[in-house]
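Q: In case it helps, Swiss-Prot gives these features for our protein:
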REGION    28-99  region 'Disordered'
COMPBIAS  38-87  compositional bias 'Low complexity'
DOMAIN    131-163  domain 'Gla'
BINDING   GLU133  Ca(2+) 3 binding site
MOD_RES   GLU133  4-carboxyglutamate
BINDING   GLU137, GLU140  Ca(2+) 2 binding site
MOD_RES   GLU137  4-carboxyglutamate
DISULFID  CYS139-CYS145  disulfide bond
BINDING   GLU140  Ca(2+) 1 binding site
MOD_RES   GLU140  4-carboxyglutamate
Amino acid sequence: MKSLTLLTICAVLSVSLSMNDLALDVVLDPAPDPATEPAPAADSSASSSASSSSSSASDSSASASDSSDSDSSSASSSSSSSESASAEVTTEDPAAATEPEVVIMKRDLASVLLRRKRAAGQAAAAFTLTQVESLSEVCELNLACEHMAETAGIVAAYTAYYGPPPF
């Protein structure tokens with residue numbers, strides 16, 4: 001369970017770092033002013049190439065980030081404006097976007113563990129101390145059952161390996 005949690009945290013960090021690199025490229029591009037946009041003829045050619053397919057849109061965004069430093073910003077301004085608008089909606093701050101997901105994941109995990117503990121506690125409360133001791137003696141013979149009894153509770157372990165308790 002710990003290794004799964006560790007892998008999940010590493011995956012979330014990896015994604016957030018990779019998204020952070022992409023966000024820096026988009027954030028560095030200045031947002032174009034609608035009053036300074038070029039003539040409609042240049043807009044129609046740039047918008048048709050950007051909307052033809054997703055691959056051409058990604059190519060135009062790459063060329064927009066490359067050509068924003070050069071003098072030819074007329075073709076890239078319309079494609080970068082659509083790219084920056086979508087970037088503002090999806091990834092304004094990737095680090096802030098992943099932190100609530102981690103908190104939610106931890107909260108969900110805590111609630112699941114609490115529900116399991118309460119369910120095991122209620123099931124164990126239905127048995128007498130002698131009956132629970134009898135279940136644990138049977139479960140001690142199987143190492144996997146004994147390990148599960150330590151983590152999930154004796155009644156859940158006995159039920160998983162031997163079926164419902166006979167009493």
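Positions of Cβ are set from backbone N, Cα and C atoms, glycine also.
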Q: Going along the chain, which residues six or more apart from CYS139 (disulfide bond) have their CB under 8 A from its CB?
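A: Long-range Cβ contacts: CYS145, GLU146, ALA149, ILE154, ALA157, TYR158, TYR161, TYR162.
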Q: GLU137 (Ca(2+) 2 binding site) has how many other Cβ neighbours within 10 Å of its own Cβ?
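A: The answer is 9.
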Q: Whole-number answer please: how many Å between the C-alpha atoms of the residue listed as 'Ca(2+) 3 binding site' and GLU140 (Ca(2+) 2 binding site)?
A: 10
Q: Per DSSP, GLU140 (Ca(2+) 2 binding site) is which: helix, strand or coil?
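A: Coil, per DSSP.
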Q: Given the model, what does the mean pLDDT over the domain 'Gla' (131-163) come out as?
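A: Looking only at the domain 'Gla' (131-163), pLDDT averages out to 86.
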Q: What number of additional C-beta atoms lies within 10 angstroms of the C-beta atom of GLU140 (Ca(2+) 2 binding site)?
A: 11
Q: Starting from each candidate's C-beta and looking 10 angstroms out, tell me which of the recorded positions GLU133, CYS145 has the most other C-beta atoms.
A: CYS145
